[in-house]
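These notes concern the structure reproduced below.
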Amino acid sequence: MSISNNSFVAIFSLLLLSSMQCHAQLSSTFYDRTCPTALTTIRTSIRQAVSSERRMAASLIRLHFHDCFVQGCDASLLLDETPTIVSEKTALPNLGSVRGFSIIEDAKREIEKTCPGVVSCADILAVAARDASTLVGGPSWTVKLGRRDSITASHTLAETDLPGPFDPLSRLISGFANKGLTTRDMVALSGSHSIGQAQCFLFRDRIYSNGTDIDAGFASTRRRQCPQEDQNGNLAPLDLVTPNQLDNNYFKNLRQRKGLLQSDQVLLSGGSTDDIVTEYSNSPRAFASDFAAAMIKMGDISPLTGQNGIIRTVCGAIN
């Protein structure tokens, strides 16, 4: 059988493309040969950080989330301001609230001692989120690896693509759908608000609204630390019952009209997500399983792989 030159070129191109796509896929064994100690090194750093401050677990999960929602899971969020980079750190959803950068830098510094130039900051963020979850009683999952780091950031996308505390349900659903995540994924990921804290100015309107969607006693309790004026930065736990435990209490709170943020309570407001909230409130296992699966899917958002991007030496700067 003879094959024309054109056919041969076409077949070769298909094989090459297939090879590139396989190469570009993330894999849990990505560093097994090049840096076998990477995962244990990261875990040691995260364990130290969370044992020093339990709230840091929520902050590290949020870092990964806020990174992935802006031009993919590429550690763009970690880049500091320079003459040529407008940092995502100063975008409104991140300013004064996103934290834990030094923990990621510490883990990176330790890894660089044994495997210089091998492990990306984007992968460290993904592993740190998983480790943070397990350290506060949440689920574990197998983290896929092989992401590379961006050489750009997008302050503009950070302003538009991250969900906000006042978003209506329709906007939450569409915002997650734009990233390839289902409504169920969105509700499961919202369960990360089982840990962490929010600043007074983000829930003030809700606790002074006298609305039918908030428990009066809960609102009264929250007002003590959040006056109608001033003290914008006062913190309150997103889950009053088990504030340092990643569990399904967040969903039980919603059923009692005790969601702290408007974007929390809107998940149980007569809409399409009510049944999911009810299911998770009744089944810790269903929540844990779906949360882990959604975190894996989120970690798959537009990674840089293969020859794209770089491996940063320091997470806050381009080499």
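Cβ coordinates come from backbone N, Cα and C, glycine included.
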According to TrEMBL, the disulfide-paired cysteine of C35 among C115, C121, C200, C226: C115
Cross-link partner of C315 (disulfide, per TrEMBL) out of C121, C200, C226: C121
Residue among C22, C68 that, according to TrEMBL, closes a disulfide with C73: C68
Protein Cβ atoms within 10 Å of V70 (Ca(2+) 1 binding site), excluding its own: 29
Neighbouring recorded positions, C-alpha within 10 angstroms of C73 (disulfide bond) - of R62, H66, D67, C226: H66, D67
Cα proximity to H66 (active site, proton acceptor), best match among recorded positions P163, C226, C315: P163
Ca(2+) 1 site, defined by D67, V70, G72, D74, S76, E88: further same-chain residues with Cβ within 8 Å of the Cβ centre: H66, C68, F69, Q71, C73, A75, L77, S150, A153, S154, L157, A158
